[in-house]
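Colleague: Marked as repeat 'LRR 1' by Swiss-Prot: 71-95. Taken from Swiss-Prot, the feature repeat 'LRR 6' applies to 194-215. Residues or ranges marked as transmembrane segment by Swiss-Prot on the basis of sequence analysis: 269-289. Marked as phosphoserine by Swiss-Prot: SER373, SER450, SER546. Marked as phosphothreonine by Swiss-Prot: THR394, THR526, THR622.
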Amino acid sequence: MRVFFFPNSSMAILSVFLSLLLLSLPLPSTQDLNADRTALLSLRSAVGGRTFRWNIKQTSPCNWAGVKCESNRVTALRLPGVALSGDIPEGIFGNLTQLRTLSLRLNALSGSLPKDLSTSSNLRHLYLQGNRFSGEIPEVLFSLSHLVRLNLASNSFTGEISSGFTNLTKLKTLFLENNQLSGSIPDLDLPLVQFNVSNNSLNGSIPKNLQRFESDSFLQTSLCGKPLKLCPDEETVPSQPTSGGNRTPPSVEGSEEKKKKNKLSGGAIAGIVIGCVVGFALIVLILMVLCRKKSNKRSRAVDISTIKQQEPEIPGDKEAVDNGNVYSVSAAAAAAMTGNGKASEGNGPATKKLVFFGNATKVFDLEDLLRASAEVLGKGTFGTAYKAVLDAVTVVAVKRLKDVMMADKEFKEKIELVGAMDHENLVPLRAYYFSRDEKLLVYDFMPMGSLSALLHGNRGAGRSPLNWDVRSRIAIGAARGLDYLHSQGTSTSHGNIKSSNILLTKSHDAKVSDFGLAQLVGSSATNPNRATGYRAPEVTDPKRVSQKGDVYSFGVVLLELITGKAPSNSVMNEEGVDLPRWVKSVARDEWRREVFDSELLSLATDEEEMMAEMVQLGLECTSQHPDQRPEMSEVVRKMENLRPYSGSDQVNEAD
């Protein structure tokens, strides 16, 4: 056998050739990113919405809107509210193996969840709320062991809540409300911080591990037990066991003697009966007197003309007070009453009911609203707002519009556009009532009131100041809500952005209110002087609102958040030195001493640079020239870059 040896020169040539061959092969990371890119393009083809403006000429998807990459892999896909529709096909998520955050919320996606979602085993945050997914919650979800946040609310999922959720041992948020789930809730021993199963056909008792959540986590179900009412078997007091047979207790003779001794005479019994009758009569008499007083008080409150005369001019976020007492009005005053104190005439029976939007659960009607107790929350630009308490768990806000001069058909067309707005940073409009003399809007009640009240309320001793984390989260939430409004079309704007129209949930999530109302009311109601300090300089006609005007108003709110100063209090002379001009007049190196709210400085020593950048953004938004102001989408992007996602953002789904 012959053995051939290559000369040194031949070996060198071979080594170079092999090296070049290896270099010409695609790197594994490049292959993976290409697979991610292919998967994203497949998703676009299947369910593409209006904002899929991806530049497919780019070889890397990492610069596409909503896509985030790390180490040359797609790790986050955020496409909320971009009109995605249809079923998600199999084979997409099988390639997105490094995905950690997936947000497809507030779209129109339907069908069942794809089975290959389980291959995205690194998923930590999954936001699918506000779609049309149906069928049972798939078992594939329970293999995502790293999942921390899961939101499947407001879909059409059916079946029971699986005990497979117990596999998700890191889960802190589970939202399943507004589906069609049935059966009982399994005992979920999980480190949950947020949990909600409201508006489902659930029954049985609430497991012990979930009883730590408040009652609003279980609304509109047939569940029982803490924190809701006791279950029937818990209410029943077990009777004492009786002895069987005819056995005579050993102490029967002694008990017979006691019975004789304790037996009451006829006179004593008669005295007791007479005393009870007299006592009962006194109680009835007292109740009649109290009811008469209450009836008189209520009838006075229902007199709409009296209420009109007494309602004071107050900011929209404060309560109306007379002689130190909050006006207590029935919902008849807050609801379907006419301007002359009589029921609306000539409008037909159709005007005598509340009209609910979309698939909103009709948990009450106009009669319930009329019977509810209510109180005046405040009088704002578009009318008076009331808090109506329907029952122990249902509280709504009713806005009684003024100066609405339009026909039923036109009002219906415009208000249905408002009711169709659906975003987590907007106060949802649940229902409306229309008659010749009354126009009412029913919203979710926001328990924390407005940003204005929180910023400018009691600033004395005992006040809990807002730290920078909360303020910046409020700012981003409000910006997202306004950006959503603007995304509905170039002609869609708010027209009345101010801190009293930014309402807050218990967890200080911002929700923009009063959107879409500027086009409903007359010019007298939208007098621009009512928005002193927030109005863009080019706005002279309150009916001609614009998106650039909204950006200006939002910039004022942003400066208000950082300075702690109310814009209406910043006018120093007849020329109107408003808040933006005052901030601009202060040199940047003096902002810490002159501009920043002193409450912030005592709490946020590490975030002053971020605060300064937010001030700069507020000044950009309040440019005197509309064309120099950024779009709200750009404002949101800049704010998110300034304030990276934190744990609190994730808990509140700021994705």
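Indices start at 1 and increase along the chain as displayed.
Cβ from N, Cα, C; glycine included.
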Colleague: Give the distance between the Cα atoms of SER373 (phosphoserine) and SER450 (phosphoserine), rounded to the nearest whole Å.
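Modeller: Pair distance, Cα basis, whole Å: 22 Å.
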Colleague: Using the alpha carbons only, what distance in Å do you get between THR394 (phosphothreonine) and THR622 (phosphothreonine) once rounded?
Modeller: 40
Colleague: In Å, rounded, how far does the Cα of SER546 (phosphoserine) sit from the Cα of THR622 (phosphothreonine)?
Modeller: 14
Colleague: Reported as an integer number of Å, what is the Cα distance between THR622 (phosphothreonine) and SER450 (phosphoserine)?
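Modeller: So the Cα of SER450 (phosphoserine) lies 22 Å away from that of THR622 (phosphothreonine).
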Colleague: What is the three-state DSSP composition of the repeat 'LRR 6' (194-215), stated as helix, strand and coil residue counts?
Modeller: 4 helix, 8 strand, 10 coil
Colleague: Return the count of C-beta atoms lying within 10 angstroms of the C-beta of SER546 (phosphoserine), excluding that atom itself.
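Modeller: For SER546 (phosphoserine), the 10 Å Cβ neighbour count is 17.
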Colleague: When DSSP states are folded down to helix, strand and coil, where does THR394 (phosphothreonine) land?
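Modeller: Coil, per DSSP.
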Colleague: Considering every residue in the repeat 'LRR 6' (194-215), what is the mean pLDDT value?
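Modeller: Value for the repeat 'LRR 6' (194-215), mean pLDDT as a whole number: 92.
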Colleague: Would you mind checking how many other C-beta atoms are within 10 angstroms of the C-beta on THR394 (phosphothreonine)?
Modeller: 15
Colleague: Would you identify the secondary structure of SER373 (phosphoserine) according to DSSP, in three states?
Modeller: strand
Colleague: Should SER546 (phosphoserine) be counted as helix, strand, or coil on the basis of DSSP?
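Modeller: Reduced to three states, the DSSP call for SER546 (phosphoserine) is coil.
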Colleague: What is the number of residues in the repeat 'LRR 1' (71-95) that are helix, strand and coil, as DSSP sees it?
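Modeller: Taking the repeat 'LRR 1' (71-95) as a whole: 0 helix, 9 strand, 16 coil.
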